[in-house]
Each structure stands twice: as C-alpha cells, then as structure tokens.
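Please read the structure below before turning to the comments.
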Amino acid sequence: MASFSKFGNDLYSGKRSIDFVGRRRLWYAISAVLVLIALVGPWLRGGYEFGIEFRGGSEFTVSQVSSLDQTIATDTVNEVAPGSNPRVSTLGQDSVRVQTDELDKTQTASVQDALATAYDVPVDDVTTSFIGATWGADITTQAIRGLVIFLVLVAIFMAIYFRTWKMAAAALIALLHDLIITAGVYGLTGLEITPAAVIGLLTILGYSLYDTVVVFDKIRENTSNLGERGTQTFGEMVNLAINQTLVRSINTSIVAALPVASILIIGSFVLGASTLRDISLALLIGIIVGTYSTIFVAAPLYVQFREKEAKIVKHDARVTADRKRAAQSSVSA
Amino acid sequence: MAQSTAVKKAWRTLIWLVVVFGVLIGTIAGGVLWSNATWTPKLALDLEGGTQIILTPKLESGDQVSQEQLDQAVSIIRQRVDASGVSEAEVTTQGGTNVVVSIPGSPDDETLNRIESSAKLDFRAVLLADVAATATTASPSPTVDPNLSTTPTASPTNASDLAWVTPALQAQFDNFDCNSEAADDAGQAPADQPLITCDDNGVKYLLGPVEIEGADIADASSGIATTQNGSSTGQWVVDISFNDAGTKKFADVTTRLYGLTGVQNQFAIVLDGRVITAPTTGGAFTDGKAQISGSFTQESAKTLADQLKFGALPIGFTTQSSEAISATLGSTQLLSGLIAGAIGLLLVIIYSLIQYRVLGTVTIASLVVAAALTYLLVTLMSWRIDFRLSLAGVAGLIVAIGITADSFIVYFERIRDELRDGKVLTSSVQAGWKRAIRTITASDAVNFLAAAVLYVLAIGNVRGFAFTLGLTTIVDIIVVVLFTHPLMTLLAELPFFRDGHKASGLDPRALGAVYRGRAQFRAPAAGVTAAKRGSSSREAVKRQTIAERKAAELAGTSAGITGGSAGKPGTDSTRPTDEGKNS
C-alpha cells in the first residue's frame, strides 16, 4: 500500500493538508444534525425498544430443534398462556427463543412442557428464565452512576495529564456526542436495548477517549513551543497534528474495528440474538463515531476554546504579521 | 556506545519478561500440584450452563439495606447452598442491593426451593386459627367492609392479647384466601403488627407481633426423639437452641403461652410470612432449648432444621430473576466467540502485514505474547479470586485484540515519524519509544479507568467484561514495555531493518525521509530532542533556512530546500543512515 503510506508522508510533512480546524463550522453543523437526528429520531419512531431485562417477563429457550418454524412457538404459547404476548426469535442454527410477559410458576411449567412437545424435544432442552422488570432498571441506574463517576475521574485525569482543562472539556463533549449518536442508532433502527448493549455503550467511553488521547498528545507536542518564534498560528499547529496522526487514527480504528466487526457478523449470523451481537454492535458504531468525533469535533473545539486566550491571540497576530512581512519581502525580492 | 547499551538493556528487559512468564507458570503449576488450580480458566454460567438466581431484598418503603446485612445474608445463603451438597456454587452481592446465586448444572427443585424460600424467620404467638376457605369461595380481592373499626378497643398488653383482633382484622381474617396475592405478600408485614397468613396445609392464622427473630436461634438439628430412659420413640423431631437473648425471650413467651388455652397456646414459626409450623406449648422453657415434635418425616425434619438454622436472614428476599442456562447453548456461544476471535485476529494480522510489511510480524509476535500472558493471568485469577470467564468476558478479550494492536501502531507510527525527520533507525526506535510510551500509558490509563469504574459499579455480566478489559489493558502495557520495545531495539540492529529494506515497513525512502526539508516547521514544533541537540550544527543551519523557505513558499514557489544540504525533494543526497553515523 505504497499510496497509503505516501498519503501518510504527505500529511506528515504538510504537503497535503486537510483543513479540519478551519472548516469547523461545517463539521459542527454535520455533528449537530447527527445529534439532533439521534435525539429526535427515536422519539418520532415511538421510543426505544427495551429488551426483556428492562420490560420484565419470562423467557424460554428451546435448543436442538429440528424445525426453526417460529409460528409453532407463537401458536403453542398463545394456546397454553393466552394473552402473554410471545415474541419469538431464533438463536443460532438450532435454537428458538420465546419471550413472554411474566408468567407464574405453573404457567411457566406448562409452557415449557408444551414447547417441548411442539418442537419434539426432551423437556430438558427447554430452559426457562424469569426476569424481573427491576433488573434492567438496576443496570440503568448503575450505568448512569458509573458514567458520571467515570466522566469526573477522566476529566480530572486529562486536565492533569494535558495540563489544561480545555482539552478535557473538548474530549468529554466529543465523548457525549459519540454516546448520543450510538444510542440514537439503536433508537432509530428499533434494535432492542439489552444489558449487553449497555455494556457496549459503556465501553465506548474508554475507546472514544483512547482515540482522543492519542491525537491530543500529538497536539500538545506540536503546540508546546507556543510563544516561541514559530511560523504557524495555533489553529494551524493543531491542524497539522491532526493530519500527522490521521494515518494512525485510521489504522488504529480499522484494527480496533476488525475484531469487533468479526464478533458482530459471527454473532448475528450464527448466533442470532446474543450477548456478543449486542456488545459488538454498540462498540462498532462507537469506534466509527469516536474516530470521527476526535478529528472533527474534539480537536476543532479545543482550538475554539483556546484561540481567545491572550497568549494565543498574541502568538497568532505575530505569525500573521511575520507572514505579511515575508510576503512583501519576497515580492520585493 | 549508546546503541550497545540499548541492546544490552533490551536483552535485560526480555529476561524480565521470561521471569514474569516463569513466575506465572510456576505459580499455576504449584497450584495444580498442591492445590485446586487448573490449567484452564473456569467458565461462567452462561458458557458452562447452570442456574442463576438473583435475589433482591424485600424492603418496606424508605428502608435501605446495609452492606453488613447483605454480607450476612450472603454467608447464610452460601452455607445453605453448601449444605444442600451443591459444589462450586457462587454467591455474590451485586450492585449493593442484590444477592446472586449461581449454581452450575441444573439443581433439583429442592435445592432451588431451599435457596429461594428460606429467608426471614420469626416467632409469633397465635391469636386465631382456622381451616382456610376452599377454592370454591376464592375471590381475587376479598371485600372487607371499610367501616369496621381498625383500632383496638383496648391497648394490647402483650403479643397474645386478643385486643389485637379488631373487627376489621377479624373480617379480613374471615375472608382471607391462602391462594391470594395477599398471602404471597405476607413476608413484608411489619414486625410490630399482627399478621394474617397460612401454612402449607391450608390452615390460616391470625398471629400477634413478632416476639423472637430467627437471628436469635443459635442452632437447630433434626433427630429421633428419645424418652427419658434413652429408648428411641421413632419420632422425628427438631431441636432448637437459642442464644442468650433468644433464651430469655423464649422463656417469657413460653411462660405466658403455657397459661393460655386453645390456639392461643400455640406459637407459630413464620418463614417468609408463611407458617412452617405452629407447635403447642407444653411448658415454660427457660434453658433456651426446645424440641418441636409433630408428624415429621426424616426429610421434613431435616428441612425444618436447616430452615431454622440457616433461615435466620437479617432481611427477607424475593427472587428477582431465575435463569436456567443451557450448557449446549453456552458451548455454541463459546465456540462462536472463539471463531469470531480467530477471524478478528486473522484480519488484524493481515491488515498489519499490508500496512507494516515485515514489521507486521512484530505485531503478530506481540499479540501472541499478549494472548499467552492474558491466558495465564485469567487462569491464575480464576484460581485465586474465583474469576469465571463469561461470554461478555470473551467479548472483552476479543475487543482487546484491537486495542492491544493499537499500541503497536502508535509505536510504529512514532518510529516512522522519527525516520521521516531523517533519523537513523536505531535512534528513531529509541526516540519514537519515548514519545509512544507516553501516549500509550495515557490512553491505557483512560481505558483502565473506564474498566475499573465499570467493574466496581458493575452488575452481572458487565463485570466479567470490565474485568477482562482492565486485565488486557495491563497486559498491553506489560507486552509493549517488556516485549515489543526490546524486540524493536534488537531488530533495528539487523541489516534488513537497519538499511530500510523495501519490505521492512521502515524504508526511509518510502516514508518520505527525502522530504525531510519539507518538514521544516516540524523541527521547532516537535521540540528539540536530545538526539537533535547532538547534531546542533546541522540544526542551526536548518533553522536559519526556515524563515527564508517559508517566505519562498508563501510567495507561491513550491520548491523546498532540504535542511543541511541544499537540494530539491527527491534528489536529496543525504541518506538518513549517513546522518546517523555522524551523530
């Protein structure tokens, strides 16, 4: 891939440069539209679909079936426990999962027997679960608490590491952007929100910031001589840093996304609805959006936060003045 | 020479890695030989199959469960599960409120009932008893005249005082249906109020307030009763002994009840709001020992003894979810997870080889070392802290492949950056490392923070995921420091890499080191490194030219002037290796 490494060289040297910082209004507008869609879309569609862990109910899994016909399950459950709203899905190649409203012990046992008879499998191959509606609520409460604690800790960590709270603020805004958009994809597509999806969403926290830290570290390095005699404005320094780390960002994102995509594909085609699928889908969206937001949201925001600082205004003014003088001298030369 | 010290250091570091592996393998081997460790990690329920029961405390509104109560409950439930002969059961708390019982395989109904049913045990005096209404009169909500008085006519003097029975309570009792929902909710009744409930034989009771709590029972056992001269009666009984507080309370209660007649002579042992037995009081018991006799079988006597002994939970629990996980489904999922992991790993390897050529093999070797280290650590953890690998944990491991490989990319790109600046490979590796390790540590710290917060606050399988993610973050740092960096240092000495073979992935020409001069603004921007200071004379020349070149560029001429020696891009005669030899 000589062309890709050539591309990297050009970005590094500044021969080729994509104006991430200068055109920030455009990127902000794109992100604002995406966030708006992610927030309003699910609401227009009729809200999020929550998994059984949040609704509460009973679940039956029939394994080793010879027929994956879902109507058998629907009919059987409707007959044995009328009005229990069965939702049937296939798991892998030889299992059927039935989720119903909450059933009592005797009903559960009779549905279990009926399903075993209907699918012609031993009763042992029909497993039953009962999930209280508070289970999901507990997870959500814990998840939100975890989110808040994490954000506070990571903000402190980044503020100390980068020695400016403005980088932490920009990184956290980008993170929020990622979380909203990922959650929005679930809302828009009507995919069920399961605890596994919540795990995936929480993992984005780590990944999105990982990506941002790599780029911000380079920005910090490029802007460390701010105030010394330089030829670039602050915005240009940051932009060069983004360009220089672009190949790295693309490579790390692809490498991170490959195993996740592999889980997602295996998870959804082979296993059907499963923990693996739910975790990996949220993660895959998160990795893609996270890479985007580091480059197009976090870094430009950082420039915006800082460019009004007296030190930077002074620096930029001097650079502009130097350039004018240089331009005049070269014209005169 | 600086290089040789770097090489020496690299060998030393690699020896440390061997030591780490040696210690891990040695510890596990020792564990296998002399303890109960295994060479494979233990699997969690979702992969192994089994039953997971989540119990949540029954609290009157506004009450909070304390950690102490929860810990006490966990140890009692654990005893109870162990007493039922189930091995390897796991009882843990979850999210500060719930108790999770994980039992491998499929436990029998009796074991399940023992765990689920035994909870809060109380002793209450019987006020009224009656054979419950049969199903024919069952109505979902018994109607009680709301005008009936709910206040006692006289303030009750003791727990057996019939003054507790208000007209409203009497009506409620008369209409009480043992199969109704009210009967299921009896376990949440306040301790200082009368309780209407049933036993398993369909007898309904109106009971006084709680007099003795289950926590006051010191021990309970079942056995065959003997007569005074020591001969067996053949009757199964349950013996109870109370602790000091219980002895005193039991003496008071039995003294009072002994003087009463009819059902008021009975006291009820109430478990989870249901009467398990209501024996008559045959005397005043002041020695803290009591014997319950009745129509026990060996089985039921043992069950009652266990319930009394282990049923002394500080709080009542209700089953929030009970999930049976099929082992076949679990193994399918594990297999699919492993296949997904293998494919993911293969894709990462292919991509690394395309992007980094032979350098990609360093990624592969590092991933192999990381995988081996992770496997050993997971195995060790499953022995030492009883960690069990769940499907979510497997997902965490697979996701980690990408995140671990990311560190190598950050490192390689830093080396390339240094090469682009015109450094020789050996110094590029060292200079690139100094910068890369900072970035890797910072980003891994963020990742680890996320994993730690998730782990501490986690519920259920979030925890397994957070654990593996945190573990692999640490493994990542260890591998990068103890393996990838020393390996790069050593490889940089090989002619294949040193001379920048086309396929090495570190070819300075392909990396545009010839454009060195065009990275003009980078020299000051990057900060002056020690290596650069070494070639300060060149640096000085280079810096002087910057302003001029900048001017030229702004004027629209695109021709760059390389630092040090003048020349057009692509015709630069200064080979980076030459410069390296100078410095």
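Even glycines carry a Cβ here, placed using N, Cα and C.
Sequence-distant contacts of the transmembrane segment (A:26-44) (same chain, six or more residues past either end, CB-CB distance under 8 Å): 20, 177, 180-181, 183-188, 293, 296-297, 300. Feature annotation from TrEMBL assigns transmembrane segment to A:26-44 (among others).
Here TrEMBL flags A:120-307 as domain 'Protein export membrane protein SecD/SecF C-terminal'.
Per TrEMBL, transmembrane segment is recorded for A:143-162 (among others).
Summarising the annotation, TrEMBL assigns transmembrane segment to A:169-187 (among others).
Summarising the annotation, TrEMBL assigns transmembrane segment to A:193-210 (among others). With a cut-off of 8 Å between Cβ atoms, the residues of this chain six or more beyond the transmembrane segment (A:193-210) that come close are 48-51, 53-54, 136, 139-140, 143, 146-147, 150, 154, 158, 171, 174-175, 178-179, 182-183, 186, 256, 274-283, 286-287, 289-290, 293-294.
Remote same-chain residues near the transmembrane segment (A:254-273) are listed as 89-93, 95, 97, 192, 207, 279-281, 283-284, 287-288 (criterion: CB distance under 8 Å, separation of at least six residues from the stretch ends). The transmembrane segment annotation in TrEMBL covers A:254-273 (among others).
The feature transmembrane segment is assigned by TrEMBL to A:279-303 (among others).
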Sequence-remote partners of the transmembrane segment (A:169-187) [C-beta within less than 8 Å, at least six residues beyond its ends]: 31, 34-35, 37-39, 41-43, 45, 47-49, 151, 154-155, 158, 193, 197, 201, 204-205, 208-209, 212-213, 216, 282, 285-286, 289-290, 293-294, 297-299, 301-302, 305
